[in-house]
Structure formats: structure tokens, C-alpha cells
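Annotation comment: TrEMBL describes Cys242 as active site, nucleophile. According to TrEMBL, the feature active site maps to His324, Glu326. Residues annotated as L-glutamine binding site in TrEMBL: Ser45, Gly215, Gly217, Leu243, Gln246, Asn284, Gly286, Tyr287. Residues annotated as domain 'Carbamoyl-phosphate synthase small subunit N-terminal' in TrEMBL: 2-122. Per TrEMBL, region 'CPSase' is recorded for 1-166.
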Amino acid sequence: MSAAYVALEGGSVVEARCRAPGTSHGELVFTTAYTGYEESLTDPSYEEQVLTFSYPLIGNYGVREERFEDERVHPRAVVARELTDDVAEWLESEGVPAVDKLDTRDLVGQIREGGAMKCGISAGPDASPEKAKDALADCPGMSDHVDIGAQVSVSGKTTYEGGDGPDVALVDCGAKGSIVESLLERDATVHVLPYDVTPGEVADLDPDVLFVSNGPGDPANFEAAESLVSEFVGEVPLAGICLGQQIVARALGGTTEKMAFGHRGVNQPVRDLRSDKVVMTTQNHGYTVAEPGPELDVTQVNVNDDTAEGLESDDLQVLTRQYHPEANPGPHDTLGFFDNVVEMATDERRTPVAAD
Ligand SMILES: NC(=O)CC[C@H](N)C(=O)O
């Protein structure tokens, strides 16, 4: 098998083994998840990132399409201690470079010390350290991807008919399939809408809840979704997951900031401040809500670093989570979030948009 090189910001080049050839670059991040690689690799939130698995063996239970969160692989490249042939072949067929047989423990240590960093990758028969360095030199910063929503969103409305549950307007900023499924399982009708959908198009649907999805990149680059939320706050209940929480907070006068290396894994502990219970959650984010703004309460926090994990307003009917209640294969401690969203959407207090 041929060689591969990973060039890191700071000048070092790490030698590896090529498992899927190609040249690539992106923001180098790591996940501590030991299961769920099919879901992570198809999660649109990893767009423009190079995903390193800290767990050493990736691919042990094969590759099954029914586990995918989206139609394609989203990270620009994949790094692991050891990838199975199944995963390597899948990534090669998707044109996504993959490398293994390098010291991922050391790499993760460097990301923890230096923060998420740019990297360049060169893998295959023609790979060289110079090509990896050239790819690194061409790598934009995450915030430079100003229209990243266009890379991951639907281009037009798609409606999934449900039962007698609420009508959800889901703003697709890179939505995972599991979010749509979790809503359909609760009899909701889900209108999946482009990331830059206009207020008029949303008003025409007269939804029971406006739900902003997860997605890649810097939340500051989702201006259309932010102003959409400011338009409807107080008129339609609002829900959000991950990027969705960040966009809702910004729209309500809050701020977001980049974290050093973020939270990515399946065992992030979250404390609910009202019940004082701790739940295990799946996470994948590099930004966080720094200030929630004057109208939202922080109702849940991360046990490790106190960052905001849940924002709520009873008066305005807002309910958001920074983690992923829908995440497969789990943990499923927080699936009740979707029941709460459905309850909020069917709350009698709401005035229908069309009546305003
Ligand atoms: N999973 C997500 O929605 C990620 C949100 C945002 N892109 C972040 O990295 O913080």
C-alpha cells in the first residue's frame, strides 16, 4: 500500500499509510466516538473538516447505507489508527482521501494543545510531503467558508407527510436524516427548507414550529437563517439543534465563539440545571454560545467545561440543544427533546402566523 502525508499548521509533516488516495485539506478535528462512524462520516456538520478518530479501530461492523445521515461523505479526509477495508473502499469510492497507521494519540494531543488546526493531506502512489504542505497552504479558515450552507442544504422545499402531529418548518443548514426521522416518528409533517428560505415562504406554510437544523461552519455565516428567526420569534415556537441553537441565540441578541478544539464524541456529560440530573450526549461542534442574550435561559450545561448545552424561553416558546438528541447509534438519553418540541408546537397559546 502507498504512502500518505499529513501536513500540520506549525510546520510538521506526519507520515501515514494511504487507505484512499487523493489530495485534500481542511480543519483537523477529532472525535472520541468509538461507534457511529457511518453516521459521523455522513454528517453534513463535518463539511470542510478532516476527521480524526481517536478510537483506534474504525470499521469493525461494516458499512451499511441505512445508517447514513446523508447521501454522501462530508469530511474532506479521514484519519485513523486503523481503518478496515470496508471503510477504506467506501471512502475511496466517494473520492475522500483516508490515511491510517499513524500515531493518532499524538495527533489528538497536538489538537488538544494547539486547538483545531488546518491540515493538508497527500495520499497515494504520487504522494509527497510537499504536496501535503501545498494543500495546507491553500486551506481556508473555517470562518472563510461564508456560504457553506449552500454546500449542504436542499435546493428546494421537500415535504414529508406525517400523521396528526404538528407542521414543522425545518431550516436545512445541513440537517442530519435522523432529525427528520425523529420528528416523523412523532407524527409531525416535516417541510425541509433551504438554508436561505425567506420569511414569506415560511409564513405561507403557517408552521407550528420553526426548527433550525445542525450544520457545518461558523454560525456567523448563516445570516439568512438568523434574520428568519428574528422575524418569527414570539410568533411561532422555535427549536434548534447544535448550529440551530447557535443561530437562535445570535438572532435573540446572543453571541457565539470558537472553542479551542470543540466537543466531538458520544459520551459528553450534560447537567440539567432544574432537575440536577446528568445525561450522556453525542456532540459534534467547534463553536459555542458565549452569551445567550437577554431573553433566553441557559437550562443545561456541559459538566466538563460549563458551556451552554440547552437554551429555553417559556414566554417566547424557544427550546434548543447544543448536543444531538437524535444521534445514532446513541446514547438516546435525550430523545425526549423531540417530545418537548412537539408539545411546544401544539401549545394552545400560539397565535397562528396567518392570523397576524
Ligand atoms: N453539529 C453542528 O451543528 C455543528 C455546529 C457548528 N458548525 C459548530 O461546529 O459548532
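Cβ atoms are placed via backbone N, Cα and C, with glycine included.
Listed recorded positions: Gly215, Leu243, His324, Glu326. Those with a CB atom under 6 Å from ligand 1: Gly215, Leu243. If you take the Cα of Cys242 (active site, nucleophile) and the Cα of Gly286 (L-glutamine binding site), they are about 10 angstrom apart, rounded to a whole number. Cα separation, Gly215 (L-glutamine binding site) to His324 (active site), rounded: 11 Å. For the domain 'Carbamoyl-phosphate synthase small subunit N-terminal' (2-122), the DSSP-based tally of helix, strand and coil residues reads 31 helix, 45 strand, 45 coil. Note on the domain 'Carbamoyl-phosphate synthase small subunit N-terminal' (2-122): mean pLDDT across this stretch is 98. Considering only the binding-site residues Gly215, Gly217, Gly286, the Cβ with the fewest other Cβ atoms within 10 Å is that of Gly286.
Reported as a whole number, the C-alpha separation between Gly217 (L-glutamine binding site) and His324 (active site) equals 16 Å.
In this structure, the C-alpha atom of Tyr287 (L-glutamine binding site) lies 14 angstrom from that of His324 (active site). Proximity of Glu326 (active site) to non-local residues of its own chain (separation of 6 or more, Cβ distance below 8 Å) is seen for Lys176, Ser178, Ile179, Glu181, Ser182, Ile241, Leu335, Phe338, given in sequence order. Here nothing among the binding-site residues Ser45, Gln246, Gly286 falls inside 10 Å of the CA of His324 (active site). Note on the binding-site residues Ser45, Tyr287: the fewest other CB atoms within 10 A surround the CB of Tyr287.
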